[in-house]
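Chemist: Sharing the record's features from TrEMBL:
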BINDING   B:71, B:72, B:73, B:74, B:75, B:76, B:77, B:78  ATP binding site
């Protein structure tokens, strides 16, 4: 294994993949259990899923990878997830990983791929970052089928008396396309009903959240039929079921519901399935992938989007209460870079270079943020292993400062990770500490709130106990929305809080662990199909734009199909 | 084989498919030459494509299936294509078929599937009609990436001085969605530039035409870079290459470019690849599929969209001059139903039932239309075999009338086809007559016009020699458009005429072979990437709408994934 400086794509291309059935065989799935998409990608067959979930194999332990409040560069959650899975297999454990599917939007915008990086990637990375097995395309098509049926209903008699100003179902596209944020449809002489509309990224569609929570096809269809797509002239909800779209939509998602399986660079089996947003949805891969993964492996390493206060909290309060899953240990990804970013109170972000100089004081000043994440996570009753994702510019003194700070903290360990540059070998310390934590774990996991608490109680629990707010202000339509949700019976469900990921608070400029502030909640709406309520605290970006010179402009493909500029 | 009345879906489900590599092996492709999408769908690997096209295997003969002016129900071109392929194999020939990929729009609208029907279908029909191998989704994504990059360019500095009122690149969606016909994008505070926009069905995207004409990845990329996406403030064209979108767009189409291979109900290998419109594009499956197919089989049966005056003419004047392909024989699909429809001058269409009563006089009156198609096709120097797609209500007297009418016509034969109900067995007469025609064919094929004729000459040739018009009027912007196209050097290319398919004339109400009329050409525009000019003669429907109760409303899927209502 080399740690030469190479691009992710070059590293990925330098590795000889095994046929995927050879990767899954030691984990109990042979070739007949797979629906192949070429030799290196597969969906798990429905029969194999049923057999795994209905069989009496014991569940493996779930290790949840989450992170501190990141810099805009991200601190390497996916890399750590992939690397930890590889490291666990290196130390003799049977470990699976489960991560989200990338969206095309960021790939062509600025972010590049989302399949890990360096020597901790999932393969074939270019396929996974492009069309993969078509799940996201199926979601886009399914989403827009509902839109087309809804507008056809409105323009062809409107029997359900839908108020065209109260349509709650946007259109979806899997690109960063600013011009589609707000649109007017049915314009000109199109014969449609003219109305305001918007587009969201497919990852932000409620269908994505549904796909990631559905247990089987029937559940999927029932959830789809509950989606509120509009309100009628009396203000009553109109659902996808009411416009008779549930069956056809479920047909389009039939294949997408089955988890995809691929391999990491070291041949660890990787479930890559679903990718909901972590602000207006729950931000983690599909429950079905998790269910399958914990049956196949003794360990399932999975990740939650954004920092621990967003995706991490949602995994434990939302996903664990909607599905049959709970973590046995937390890996909290931190970096010297992010610690300095908080310690230096750097906002706006001044770029990576500024953070490459040794500055132990800044690292120590940044503990404020990491400490808060640690104590947040400890409230759930779980052991926390901080994984310092070590970058080449980090110094030993900086790393040592982190180790020292946490050495005597109860239920907390620190491990250094160099999985980006070294693959699983760079995650052995982390793997050993995490397995140790799992072995000593007493099973005391508890979500922070009960589902039968009021919506306000649930919001206030997260705001005060996780974000560190003094309390919550309900502004805009929030009070009315809560009253309506209670009337609809949508109050005994988890609440997904949508908040900036740049800070623990609702102000992206505030680094560390801000105190003395109050969270403004300005709007709530039901994701009735997914089974949660979304509470918005600020502007939500569900449709990013491309920069003046998008990443796509530098991409190319040569005559033999070799891609360049993609990553 | 049963001819019990069953739905297409039930028939399809009653057949045990062979693994696709067993289907292709006798035709020279083994498992290693295929990229499998499950056991029954595959793309042909690039290596196998290269080997076939660069090898010295002789080309098989191409049989082009086209039709008379159809009723709104369609007269069974795809069924005939599939059935003829099966029949040829039954009589001991090695025959392949090549057809277009269906679009989701009609599937969920009214038309149902497009994978043949009855005992002459391609399998797995529900996959082919839904996501298949993802080609159409890839095209939608690629199309909309260009849109996103174009609008980002305009709103982020607009260095190329694009006139936002002169954008020539719509957005694309693969649904019948009336509300998207005309839209306003960049509305509200979206931070985009507000402008009028429209959506086309993905099948109507120029990218679809390009995919179906490109010879390899380099050609694909070059064609994409030539697409005219807008005009600048000086009226000069701005291309996809100018906005640096060609590489990334080609990346998204890399896999879609390779032909898909599946099997018919009787195990005949079927290439199903690409599906451009037959009015604003050339209306036939990909050239690459044809190239591969004529290397693999002694016969390649392929079809062209709409009637022979539209898709048929385009295959011979456009496709044969842009690619390396020419037919050796024509199968002209006719039906007693369609003959009566013309004979009775039925407009608006009064439904199928009216046409089920025996009416030999009406059949004979309808020969006017079929005669014109026959003489049109004979102009290209090809033998014509009329295939009467026999329906259960057709009487022997009606069929006999057709046989008699054409029995002494030079270069013309008549065969009865019952491939819908009987599979290949029902196409044996047709297969024998067509092979006979091919064997006696003297190779005299000629397109109707030379590419170096002027645009007007080309248009007038088709209008007078095919449609039967007395001449052409240039109205609206047509004269200016022609001048501009000549200035751009886009005049030595084929012309794709867009005209109603309900009549040989430009008036859908006129049945038979209308005379004494003049064709109005009202607008011309370049499809510079595809390499042709489109001439519009009337309103073109590139974005259909859903009916008040779309087919989708009756679709369902049960717990074990079985689909109902799809077909």
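From the backbone N, Cα and C atoms, a Cβ is placed for every residue, glycine too.
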Chemist: Output the one of B:72, B:74, B:76 that, of all these binding-site residues, has the highest number of other Cβ atoms within 10 Å of its Cβ.
Modeler: B:76
Chemist: Which is it, of B:71, B:73, B:75, B:77, B:78: the one of these binding-site residues whose Cβ has the most other Cβ atoms within 10 Å?
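Modeler: When each Cβ's neighbours within 10 Å are tallied, B:77 tops the list.
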Chemist: Cβ within 8 Å of the ATP site's Cβ centroid: which residues qualify beyond B:71, B:72, B:73, B:74, B:75, B:76, B:77, B:78?
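Modeler: Close Cβ neighbours, site residues excluded: B:67, B:70, B:333, B:335, B:338.
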Chemist: Helix, strand or coil: which one is residue B:76 (ATP binding site) in, per DSSP?
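Modeler: Its secondary structure by DSSP: coil.
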